[in-house]
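These come from TrEMBL:
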type	residues	note
TRANSMEM	20-41	transmembrane segment
TRANSMEM	53-73	transmembrane segment
TRANSMEM	85-107	transmembrane segment
TRANSMEM	119-137	transmembrane segment
TRANSMEM	157-176	transmembrane segment
TRANSMEM	292-312	transmembrane segment
TRANSMEM	324-344	transmembrane segment
TRANSMEM	356-379	transmembrane segment
TRANSMEM	391-412	transmembrane segment
TRANSMEM	424-445	transmembrane segment
Amino acid sequence: MNRYLAEFYKNDMKSNSEDLLSAILPLMKLLSLTVIGLFLAHPKTQIIPRATFKLLSKLVFALFLPCLIFTELGESITIDSIARWWFIPVNVLISTFVGCLLGLLVVIICRPPPEYQRFTIVMTAFGNTGNLCLAIVGSVCHTSNSPFGPHCHSRGVAYVSFAQWVAVILVYTLVYHMMEPPLQFYEVLEEGTEIEEQRPVNDISRPLLIEAEWPGIEEKETEHSKTPFIARIFNSISSRSTSTFPDIDINGDTSGSSPMSIRCLAEPRVVRKIRIVAEQTPIQHILQPPTIASLLAIIVGTVPQLKSYVFGYDAPLSFITDSLQIVAGAMVPSVMLILGGMLAEGPNDSKLGLRTTIGIIVARLLVLPLLGIGIVTLASKLDLLVADDAMYRFVLLLQYTTPSAILLGAIASLRSYAVREASALLFWQHLFALFSLSLYVVVYFKLLPAM
């Protein structure tokens, strides 16, 4: 009996050590790439200048990432799989909603400065559901003893890519308007003797985080992108404040008989204001290379005739997809090198406050993943998820685990709101995420067999 128990204990310890090793090794690979990027870009070494990292981020955005999305999502997706994967984009919405509630709780408990309350909610709610998830999936599937079975990488990339269009829509609608400069803070700037200098779009001194995930976003600047546009439309503003903004016609031209005039006469005032805000929402910028690649992959993948020409060993155009797969292989190492370059710049000065910074990090990296485990487990019990697919559940859990999206730093710069605070917070979040991700990936590997 004692011999049997000793053998059982030995096997159990061996199994636990193998599980721990299979969970930690992929993250150690990503950490190594990040450290290499940090060393290459560190100010004391400057082996590779910042301009090179910015060019690399543009290559990731315009070439490596679209190639990866098209080749993996296009080959995996079908009309039937779209019906089965419906919970992936829904999970993005759920994680964002829960994150907003946590952000509101952070605001109540930590009491950040009034001008950063919306910023606190945004940074807690919106995680990196794109590049970082793809890097983790790629690294996990690169191990020889991956627990996710055959076609691990293609399925994982397809699941992550299928969720990206929802995240992009949220960024260019909800996040864009939530990151609007607060009206009172904007007025203080206008009343001061100095106004913050607007950097040129191609200024090489601009922080890497602004272009680390969505290069060229500052070129999307609109007439009202750096002003509290919604506040001016919906709030009563003093005559002095009104004079500091460019005129916006919210009453419509009632002197003529044009169709626009007739519509403005017929529209209620609130509806008219909502329409003006919608017209100023840069929804057209959603069509960027990664989202275009997703759309093409969905179209090609769901049309059997097209799919047979593009994907498959004997497909006439297989040489093209093979070439795209070779290019896509550079995506994961490039993303982690860029992340290392971003961390090498160090944190900026922040007026957010230490208590609020810690509150956001704890809520985003420690509390939200715990809630995510409960939500995904409940969805699995209700048979809302794809049966017997551990990778599907792993991607869902990752959406609750990643730090705030680097893209939020670019949106902050685009709107001239909390740029230094976003830079500092993203630095500390990604630094602590090295530990929180390691912890939760080990937990997920333990829980997935029971889900």
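Note that Cβ sites are derived from N, Cα and C of the backbone, with glycine treated the same way.
Worth saying up front: this structure is predicted, and the values here are computed from it rather than measured.
Note: the stretches the transmembrane segment (324-344) and the transmembrane segment (85-107) are not in contact (fewer than 3 CB pairs below 8 A, sequence gap of 6 or more). Residues 65-67, 69-70, 73-79, 82, 161-162, 164-165, 318, 320-321 of the same chain lie 6 or more positions beyond the ends of the transmembrane segment (292-312) yet place their CB under 8 Å from a CB of it. Across 20-41, 85-107, 119-137, 157-176, 356-379, the stretch most heavily in contact with the transmembrane segment (53-73), judged by Cβ pairs under 8 Å, is 157-176.
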